[in-house]
Amino acid sequence: MPVITLPDGSKREFATPVSTLDVAADIGPGLAKACIAGRVNGELKDACDIIDTDSELSIITAKDEEGVEILRHSCAHLLGHAFKQLWPEAKMAIGPVIDNGFYYDIDLDHKLTQEDIDALEKRMVQLAKTNYIVEKRVGSWQVARDTFEARGETYKMEILDENISKDDQPALYHHEEYVDMCRGPHVPNMKFCQHFKLMSVAGAYWRGNSDNKMLQRVYGTAWADKKALKVHLNRLEEAAKRDHRKIGKQLDLYHMQEEAPGMVFWHNDGWSLFLELEKFIRQKLGQYTYQEVKGPLMMDRVLWERSGHWDKYSEAMFTTNSENREYAIKPMNCPGHVQIFNQGLKSYRDLPLRMAEFGCCHRNEPSGSLHGLMRVRGFTQDDAHVFCTEDQVQQEVSACIKMVYDTYETFGFKDIVVKLSTRPEKRIGDDDMWDRAEEALKQALTANDIAYEILPGEGAFYGPKIEFTLHDCLDRAWQCGTVQLDYALPGRLGATYVAEDNSRQTPVMIHRAILGSLERFLGILIEEYAGKFPTWLAPMQAVVMNITDKQSDYVDEVVNILKENGIRASKDLRNEKIGFKIREHTLRRVPYLLVVGDQEMENKEVAVRTRDGVDLGKIQISEFASKIKEQISLRSLNLLEE
């Protein structure tokens, strides 16, 4: 007679074994109707799974985040069901859940078109509307193998052969005539899978290995209700408008081409953005007392082997040979910084030593994963390493955290999620060392009044880590900043300092990044601002336009005054109507549009309007220059009078 304990502490006793669905029905018909699955003693289970011992149970519905994930997974099976009806010859591979949706990898000789995707979605809708029951059957490995062999599902057979023990009992989910294999759980009824949309199709190698066959990956999104689906689609529509690749082309910021995949060709305005961002970080480095250094672009393979990076990163490293020596272009800066630290004897009085670099790094990312500025092969890290004693860890981490928040606030990012990754099973050092390291990070976060989530076991083998994930205006998450303790690399590369007792000690190394990659962060900013950069960051901050040729000399005078005040300004003397000029520079997202006619010239004024169409009226040029200069120095996010 199992006794079921519910989240509110109430208990229900049953005479026979029960399922989550039975318990939900015992509570009430409404809950039974809404029940998707159950969390039994902390483990997700199908609604039909039997509970035969005293257990704690949480009933999962579509209102729960877990419930939405489950229905998304079931939508992947629904996709498979519909796909096999339309293309019976297709072979199904895998169909997992991803952020906001799902996908299915499929082997089909016919290349899917948009018309095919539309037909597939239509068939999915038809099937879902029948509200058919999903039947779970658990049997032997051989039964599962025979089932898929009879259906010619070679990928499912391979998964069974290579990934599932013959002693296991795989779960098969029957969607009418369609059968899929999964750990589950899944929805008990397709009535829960009504609000979805297929989004796109792309190529994907089986098991992510380019030596294997290229499959077709169909992506979809699914939500608990119509409203949530609509909100998500609207957000995607807005994201498409803000796509940094599209805006980058419109504003002539950069381009990429096939001869240099994953490498950025910065154009004048894009490089202006890059340099302004670098200038800002460089000022922060001075504020927080960092040295700025520059290490070589490539180093001998021997050094990468000593640092341990060769074992973990060699496949992602670009290499070259010269005079019988193999060199690797650096994928990160840390080994080079240790080499700089090692030059000359260091005392405990020299610590903490904070070393920063705008390091040009390269990683041989798979071509299919490259995505504009967000995923590149050549990138610049705002990388820094702090060499300190163990007693200094907390104060140094605290300073790093403050620097991260100072930086993000300048760009308007206030929604920041912080996670602390703790000791993994395989690690160096003893528990005392890890206790001290983790406690130092916790105390640094607490001292800065920062809430954080602990990720048990997710730290690196050489030390715990803090991750900073910022959320943009579309509520997308971008993991950018990290503060990572490292108790291994300094020792591997022979870094030491002379302690107060004259003994040789190994320093603790703190890896610190704020933006991560400047290229990626600029991609984030382009989308966050939709190309409307704050004045201090904008490539061109003001453009001065004449109405007739009579004002040409005055336009030159105004531009010179602005430039003398450190304002990036240009002139537009074209023989075009002023309305045409204003529209063109508005599309270029120039913050301030200055118009001069005879009256403005006579009074030494400019007529000012913003790129958003706000008319600021006529202003003395010296006054305007002073206001903009102040706005730039403060790195204000808003334009004048906004």
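Backbone N, Cα and C define each Cβ position, glycine as well.
Note that this is a predicted model, so its numbers are computed, not measured.
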Given that Swiss-Prot annotates C334, H511 as Zn(2+)-binding, name the residue from H267, H385, H471, H585 that shares the site. H385
According to DSSP, collapsed to three classes, what secondary structure does H511 (Zn(2+) binding site) have? strand
Taking DSSP helix as H, G and I and strand as E and B, the domain 'TGS' (1-61) has 14 helix, 24 strand, 23 coil
For H511 (Zn(2+) binding site), the nonlocal same-chain Cβ neighbours (under 8 Å, six or more residues apart) come out as C334, D383, A384, H385, T482, V483, Q484, D486
Cβ atoms within 10 Å, counted per site: which of C334, H385 has the most, among these binding-site residues? H385
Cβ-based neighbourhood (8 Å from the centroid) of the Zn(2+) site, residues C334, H385, H511 excluded: M332, N333, H337, D383, A384, Q484, D486, L489, M509, I510, R512
Confidence summary for the domain 'TGS' (1-61), mean pLDDT rounded: 94
